[in-house]
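J.: Straight from TrEMBL, here's the annotation block:
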TRANSMEM  18-36  transmembrane segment
TRANSMEM  48-67  transmembrane segment
TRANSMEM  74-94  transmembrane segment
TRANSMEM  100-118  transmembrane segment
TRANSMEM  130-147  transmembrane segment
TRANSMEM  167-186  transmembrane segment
TRANSMEM  193-210  transmembrane segment
TRANSMEM  320-341  transmembrane segment
TRANSMEM  348-364  transmembrane segment
TRANSMEM  376-402  transmembrane segment
TRANSMEM  414-432  transmembrane segment
Amino acid sequence: MKKYFQLDELGTNIRREFVAGLTTFLAMAYILFVNPNMLSETGMDADAVFAATAIAAAIGTLVMGLVAKYPVALAPGMGLNAFFTYTVVIGFGIPWETALAGVLASGLIFIILTLSGIREKVINAIPSSLKLAVGAGIGLFIAFIGLQNANIVQADPSTLLALGDITSPTVMLAIFGLVVSVILLAYGVKAGIFYGMIITAVAGMIFGLIQPPSGLSGVVSSVPSLAPTFGQAVLHFGEIFTLEMLVVILTFLFVDFFDTAGTLVAVASKAGIMKDNKLPRAGKALFSDASATVVGAVVGTSTTTAYVESTTGVSVGGRSGLTSVFTAGFFLLALFFSPLLGVVTSEVTAPALIIVGVLMVSALKDIPWDKFEIAVPAFFTVLMMPLTYSIATGIAIGFIFYPITMLVKGRGKEIHPIMYGLFVIFILYFIFLN
Ligand SMILES: Nc1nc2[nH]cnc2c(=O)[nH]1
């Protein structure tokens, strides 16, 4: 096992990979509750979606760990589950079974794109400064998710966003967790984020903000049935051949493509596994991601994708695919211990998400801000991710500016032809999206 995962070469060990796998799992565990909650608004069975979420995450993450050997975990994405629920099913009135068939189609197209090597070529054509910007933007995005989940920031009718009610006990618990985790990390404790989560959960139980598990039934439960959602995507595959579904499928494809590319680069840079600004084994990592979407659609969930939360595991030392194998194992275990996961509330995970933001924005220091032609696309890439609540939209806006500023500054020769292609595709994306 040590040899297969090259633990010695990567300067890691089984214990550290285990803590990393558990940390990533805990940072992502909220999806086990958020996803069924959201998708059930379409009429899907919440218990089946819970099981589908855990199974899709476990299989996708296991393949990523074993085949691509990346410390990257996967689960149904928060951007695309919202698009699936609120735009496709509730907005367009498309039945969830057909929408799920659309997810399946996008996953299959992805596999074809990956096998043809197109995805890998696109990722490698992105200039290093924009790759850094993507990583930093994802950092802001994930910190924003954390701040929002913990209600440290909240919606405001006049300014869109404002500070939340920081005197509310649950918000105070999240802030307590944040301060504890920051102090542990400042002292150099590698698993500071993980210990911070445990301390926050225990404090939450002591102060009555988190329900402690009671008795055996509060800890273990049977695996919910997948029957209501399993295979519906396949059964309804014949319904995707409409113009409306074509737009839906292309959106699934587009968002997943760039979200995954940005996330893989961000996590790989953080883990120090990028070589010459390129992703080693990129094809395998992309294939793992694409097949996870297919598995997810078949069992009953919207697009499964590489999670930015994987950086929490990397930040406690996770470097190899073994981290992912452990994370996958926890997702499988979660199927049996679903009541226990109630302890991992958003107040417990929020500090981790916010601190990961701190760690990820460090990429900003390597962007040449004194070069206006780079500063502009990098700035929009970073800023628009949290503001539009979409990694893919941030990338699209930033990448539209890149050839414009580079050409005007007389640096046209340095632009990779693929970046021109993306310029056109992103403009078309915005035209047809609206
Ligand atoms: N990269 C990524 N990470 C996430 N974490 C939660 N949701 C998402 C998502 O949609 N994309």
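Even glycines carry a Cβ here, placed using N, Cα and C.
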J.: Of the stretches 18-36, 100-118, 167-186, 193-210, 348-364, which racks up the most C-beta pairs under 8 Å with the transmembrane segment (320-341)?
T.: 18-36
J.: Between the stretches 348-364, 376-402, 414-432, which one has more Cβ pairs under 8 Å with the transmembrane segment (18-36) than any other?
T.: 348-364
J.: Might you confirm whether the transmembrane segment (376-402) is in contact with the transmembrane segment (130-147), defined here as three or more C-beta pairs under 8 A between residues 6 or more apart in sequence?
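T.: Answer yes: the transmembrane segment (130-147) meets the transmembrane segment (376-402) with 3 or more Cβ pairs below 8 Å.
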J.: Please give the sequence-distant neighbours of the transmembrane segment (348-364): residues at least 6 beyond its ends with Cβ less than 8 Å from one of its Cβ atoms.
T.: 23, 26-27, 29-30, 132-133, 135-136, 138-140, 142-147, 149-150, 152, 174, 177-178, 180-182, 185, 193, 196-197, 200-201, 204, 210, 266, 269-270, 308-309, 311-312, 315, 382
J.: Could you tell me what the rest of the chain brings near the transmembrane segment (193-210), counting residues at least six beyond its ends with Cβ under 8 Å?
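T.: Beyond its ends, the transmembrane segment (193-210) has Cβ neighbours at 19, 22-23, 26-27, 169-170, 173-174, 176-178, 180-181, 184-185, 312, 315-316, 342-345, 347-349, 351-352, 355-356.
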